[in-house]
């Protein structure tokens, strides 16, 4: 059972401080949506508003066509997995999972049946009689998910559920969550500040920043066509390189940008009239779109300051003659060392242009406002 | 090097010496000396005579002692549950920070800082016949007067009321501290689990603070078994010894009748009763919580 979620013009204030402003968002039934953003951007607050743990100061939230923001948390048909798991310490795993069903007066046998079924799915059947204190972090996390599953909610809400796990367990649990979503087909909202979790789990990512939604899109849209400079900088590891534009001229073939010591690049970028072709413009380019030219080749001169040999690829953190930093990618077998002079080549078709107001423009479709 | 290490280990013990000396002088020694006295027929003016357990036999056969023991047991059995329940109720009611709750917390705790003399003075004014607060209220309502401090049954009740009023601050504060340790997300999870207020109280809150409930109960049992000042100042144990607690019996035997050995024997019995009561509570409570 899954249902669509409609968030309309939602606003949240704490006293005079506005933490969410006029947020609107549609989530289709069965969709896995990730709220991604830095700490303090309001993503957890928005999730807690869907759960009913925070009141709205404006707007409405519908679940499956029914308005839920006026209902108490338990009546909304959602289940939440907390960052700290929030398991009841004095109850066994089975009691933890069955507590919500007991509260709605479900028959004991039906509760046992649902708990056993969920425990089988999560492979925690052997833990049902244990108390949370006797469980590892990963097991607690599964119990917390199990507690959500048994309620057969219309939507699952996850509030940074992987952040308390170690790196190896986090990777495995991420995979299991993806499998769980495929199996249950439920609507899921997942809050994280970890872009890897967002990129790997999401059908769509909602990037949030500074009280607002910056962009909603599939992981590849977010990565390849960031709507703003913030999104471009927040998503991607290592981060996108940003270079200042000295001068720009829009010609029939596209925009020509003067990047100072990085040279003059002819791009196929087309700009809407509203964007001035000079003043405060920047370009962004991802490391994989900046290549190290083999010795003797032609390219932009730079000095490799740090070289990271990662096995399958080599990352080169270089500095241009005018002091700007740029990250490039070289072959995994590269023997390049820090301190050497290199030549770099930028792929002009992979450039992102950022206007002074932060809006981004990309090569093949012009402006993109998210 | 090994020698200096051993020496430094021995010297480290000096840090604990001031406490150990105080502990031995004011707790261990009086305990042993009290037991030693209880085996002697002794007054405060001369050397005693060893009488074995004779004092214990006499104390246990003394109807006044038995009445005082019964009074004390009734007192403890009624005031301790009241203090635990009322303290918990107040803590639950005041477990959110507003100006009103901060003021009320202070108000309820304020009685705890008063001396027993002030407390009993206040409650005498409340209970005293004819001009007391309750007497005035009863007059106003046209009800018959009750001699709260001079009627058998009512006198111990009155001492109990004053005691609860005096002692409620500590249980309330301990419960408040325990309630504030419960993670908020447990309540949020319970809200998402559709738990009503009663289920939240009985399934989330009370299990989470059970250790504090036990602590408060043990502290109060130990304190209320030692009832003395309120009874002496409000009723002087009367009428007819119906509100005389054990400690008052010990005081009268030791310092009015000068039978120090017998008073020491009664003290040792009281000590054993308190020890047993606290231990039973502890064992029963921890057995119920095994595996938690």
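Cβ coordinates are placed from backbone N, Cα and C, and glycine is handled just like the others.
Sequence-distant neighbours of the transmembrane segment (B:12-36) (same chain, 6+ residues past either end, Cβ-Cβ under 8 Å): 264, 267-268, 271. Annotation comment: TrEMBL describes B:12-36 (among others) as transmembrane segment.
Under the heading transmembrane segment, TrEMBL lists B:68-94 (among others).
Sequence annotations record features per position, and here TrEMBL assigns domain 'ABC transmembrane type-1' to B:69-281.
Long-range Cβ contacts of the transmembrane segment (B:106-126) within its own chain (Cβ-Cβ under 8 Å, at least 6 residues beyond either end) map to 90, 94, 132-134, 149, 158, 161-162, 165-170, 172-173, 229-230, 233-234. Residues or ranges marked as transmembrane segment by TrEMBL: B:106-126 (among others).
The annotation transmembrane segment is assigned in TrEMBL to B:156-179 (among others). Beyond its flanks by at least six residues, the transmembrane segment (B:156-179) meets 71, 74-75, 78-79, 82-84, 86-88, 90-92, 94-95, 105, 108-114, 116, 119-120, 122-123, 127, 148-149, 205, 208-209, 211-213, 215-216, 219-220, 223-224, 227, 230-231, 234-235, 242-243 of its own chain at Cβ-Cβ distances under 8 Å.
The transmembrane segment feature in TrEMBL is assigned to B:208-228 (among others).
Residues or ranges marked as transmembrane segment by TrEMBL: B:265-284 (among others).
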